[in-house]
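Let me begin by presenting the structure, written as structure tokens, before commenting on it.
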Amino acid sequence: MGVPHLWPPLNRPPLADPNQLDYLVTFKHFCEHLRSTQPASSFDDEELQKRYAIYKENFAARQLAAFYDRHHTVEWFAEKYHPVRSVPRAEEARALRRRLYDRFVVELEAGKFDEVDFDEPENAAMTRKEWIKKEEEGGEDEAKAEGEEHGVDAAGDAKMEQYMKIDGVEQGNETVTAEQHTYKLIIKTVPPSISRKKIITMCQEVEGFEYLALSEPSPTKKFHRIGWIAFKEGTDMQAAYDKLNNKKIDDFVFHLAMHKHQPPSRTRVAPEIAATPDRLAHDLERVRRVAQVADADLGDQVDGYNLVHSRAQKVIEQRLRKRAEEDHLRVQTLADQGDDAEMEREEGEGDAEDGENESRAARERRRELEDDVWETKKQLDLFIQYLRRVHLFCYYCGSESDSIEELQRKCVDHHWRKRVAVGMTVEKGSAGKSEKSVAQWAKNLDQKIEMKIRKPTEKEIERMGGKTIESEIENFMRDFVHKEHDARYKCKIAECKKAFKGYEFVEKHIRHKHPEKFEKLEEDVLYFNNYVCDPNHLLPTTPPNPSSAAALNAAAAMQAQQQTIVSPLPILPGVLGAPPTVLPYGIPPLPIGANGAPLRIPHGFLPMQGAAPGTPFDQIPRIGFHEGGGGWAPMMGNRRLDNRQLRSTGNGNAGGRSSGAGAGGRATGGMQIGSRMENDLPLNRDLPRDPRQVKSYVDLDAPAEGDIDLNYG
């Protein structure tokens, strides 16, 4: 006879279909669901990874479609992506870039950007905060002296002169002076439903209005935006503020404020991989292509690519010429002072001072590598500066803006590169971050730059979640062509009921007789694809995966926080619709009666409390292990009541015995609490009993009650 199973098998509930959930499931969840739905099939790791990648693409496509359906009728969305309504905004952005281009050409020829360097300063914290503070307190000279004391070299001083001027903070695209900022007003919030055309009409009421800039909508603030109203120099700003403040558009009141520029308090720094030689060469090739594409968008009169390339070559040649002159002068000086032995001695002393024991050939190779890296950086930095100042494009962010103010808001300060030693590999350069996160950063940046350089094909757009004209036309024809039989098809558009012999004739009829349908269809497809192809498009906020580590940690933290909350009315959660109640840590819920109502506890009785760590074993309160029998052990304060106290308080039987007591005095009745009996407690009926209470024990050697103790001594 076999041993029966004591525990029935656990029946796990089936996993939810990942395609029906509004969050991205883990790879484990996806694989378990796939195996449970297709038990007869076997999948290897490669097949699972392939299917999971397809699932993630489909999930991204669903997100894009959901966001488009929710926002495609809103003004801000249409002004940015609609093929017709976005034209005025695009023309304004092009006009601004042409003005910035003319200014950049003058500054480039004057040599203003010859010393541009995007490597992070060695003491970035000092150069950003203390530099401005020292300039305000004691002037530029004192700030430089303080910087030298903190180890900021001359190159760092030059950077601060270029990017951190007290009367004009260099933001990488425009020198924003205090005077210019006095001629701007800030719109604190702009609803997503109000068009920029209406705001411009309102601003044109003030003489001297120059332009309007709007930020990208913020998903965390119901897609509201920030606005900047710029005026010409000499405009009475107080009068402009008084006239525009509290103006109404579509029943919305606009609240304005004077724009006061504040020095940026944070910067953005690309990871160390951006400063490795291989990545520098890769970025140089990509940034050149971005510059060519951006110039082509502004017209034939813009040729910034060739101007920047020529200037970079000129700066490199000047440095090489200067280096050659310095080397020649050094060699000549040493030759005048002594012979070749003296030259070797001088070089040996220099090596000893630097702590290097390299041979002359090794030093030459290192110097050539440093020169190559410097030339690559110089060209790269000049092109990055050109894109930022003219095309309002931050290369290391991969984002493009329509206004100077929006670019400053996205990337408020100079976007630096982490400094690394020459020849450092990717693994060494990414010591501060995990290798996976650094690789993901580089991958995301390359994807954004690729979408800026090259327009994706229809197949790529479809993979990204977009639509194709052919597929949409097929869906459209399927809805508006009625097939009666193989030789008869009808047009279902509006009141048109014309019949044709073949499907292709109906399609030709719709194209010629109902062209507005196809035009609207093509416009909708282009509208949707413009949103999909934006590398920085917004996405709907999805709930977190409840099985993810982040969600579990958040739930644990919330539970730990709720353990300190005291409920005013302790009720057992989950009984007869009672709301969940959180009690202090260690205190169980109070008992309930048969009808689900909480029992009234007499004055002085407290619920059983959990013992603190380290409590002696005999002082730990227990349920069902007191002298009088099972059930709740009554407590008076922190003391346990015995049977005599129960009888004296009326909670025991008059005869001193528990009703229905069996062998060993086990109580089968109940302790009355208030007006209710303990038997009403559903919690008490199935509680386990202490085995010592079930079995009786009698010491046969002990004298019986009433016996005489005989002394045989």
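Cβ coordinates are placed from backbone N, Cα and C, and glycine is handled just like the others.
Automatic prediction, not curation, is the source of TrEMBL annotations.
Keep in mind that this is a model prediction, so the values were computed, not measured.
Residues or ranges marked as region 'Disordered' in TrEMBL: 327-368 (among others).
The compositional bias 'Acidic residues' annotation in TrEMBL covers 337-356 (among others).
Taken from TrEMBL, the feature compositional bias 'Basic and acidic residues' applies to 357-368.
The domain 'C2H2-type' annotation in TrEMBL covers 489-519. If you look at the domain 'C2H2-type' (489-519), the same-chain residues 6 or more away from its ends with a CB under 8 A from one of its CBs are 473, 476-477, 479-483.
The region 'Disordered' annotation in TrEMBL covers 643-713 (among others).
The compositional bias 'Acidic residues' annotation in TrEMBL covers 702-713 (among others).
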Model confidence over the domain 'C2H2-type' (489-519), averaged pLDDT: 85
The domain 'C2H2-type' (489-519), counted residue by residue under DSSP: helix, strand, coil: 16 helix, 5 strand, 10 coil
